[in-house]
């Protein structure tokens, strides 16, 4: 480690990736973050389903019991999809040469884009099995998802991973695990606020003020677009990750990152959902009208 005095905020010494260890059982903040995020989304969805006036034709798309049934589906799909995305998209050579690390989810290394694909597949299958409108299924899950994302980003900070570029800003943080011990952007916290808490408040406003659930697909479309934009902004401040070789060859020194590239399909999907929402003729007599 560099012994020079770091002109920035020292990483809090009391923050440890491990919460508690009891014999062979170790509880990590990272794993707990996923659990809390999923449980919050479940609780929030139940609250939203209790308000029929928010929904298309004043009819919630499913019962509270059904959303409870989906909790297990969501947990499995997010973890499996997120881990497979990390393994196959970000660092396949490392994981194939260290196969035991593939299941070490508690050490970090989850791809948001992989987790998104996993839960989209789970939502489609669950909605078809239970005769639920797919776009409404997307909406109810998207409404609470940003809080989970924000919590996990804070856990990334605790794990001292995905830190930012070196900076002279007064709020820069020196991470002990950084071999150069440079003052860096706490980009994990930027993402926690942009992808998590700010995006949650935007969705909260469009749900309760503009009754966005009535146009099915609107909330999920805004969520996906909002995440893609926030992620692309945060990529500017993130320290470069080891992108796939083919990508680095094509976009070397352009400032265009792999994370930005993966966000482009999300933008297209988000705009597609919004387009379908506003083309849906069944909502024409259901959306609230402004009074003059």
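Including glycine, each Cβ sits where the backbone N, Cα and C put it.
As the structure is a computational prediction, the values presented were derived from the model and not from experiment.
Database features, via Swiss-Prot:
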- 25-45: transmembrane segment (TRANSMEM)
- 70-90: transmembrane segment (TRANSMEM)
- 102-122: transmembrane segment (TRANSMEM)
- 138-158: transmembrane segment (TRANSMEM)
- 193-213: transmembrane segment (TRANSMEM)
- 217-237: transmembrane segment (TRANSMEM)
- 255-275: transmembrane segment (TRANSMEM)
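Panel annotation: around the transmembrane segment (70-90), residues 34, 38-39, 41-42, 102-103, 105, 109-119, 121-123, 125-126, 141, 241-242, 244, 258, 262 of the same chain, lying at least six beyond its termini, place a Cβ under 8 Å from a Cβ of the stretch. Taking every listed stretch (25-45, 138-158, 255-275) in turn, the largest tally of C-beta pairs under 8 A with the transmembrane segment (193-213) is reached by 138-158. Same-chain neighbours of the transmembrane segment (25-45): 17-19, 67-68, 71, 74-75, 78-79, 105-108, 140-141, 143-145, 147-149, 151-152, 154-156, 158-159, counting only residues six or more beyond its ends whose CB sits under 8 Å from a CB of the stretch. Here the transmembrane segment (138-158) has long-range neighbours at 15-17, 29-30, 32-34, 36-38, 40-45, 48-49, 61-62, 67, 70, 74, 108, 110, 112, 119-120, 123, 186, 188-189, 191-193, 195-197, 199-200, 203, 207, 212-213, 216-220, 223-224, 227, 273, meaning same-chain residues at least 6 beyond its ends whose C-beta is under 8 angstroms from one of its own.
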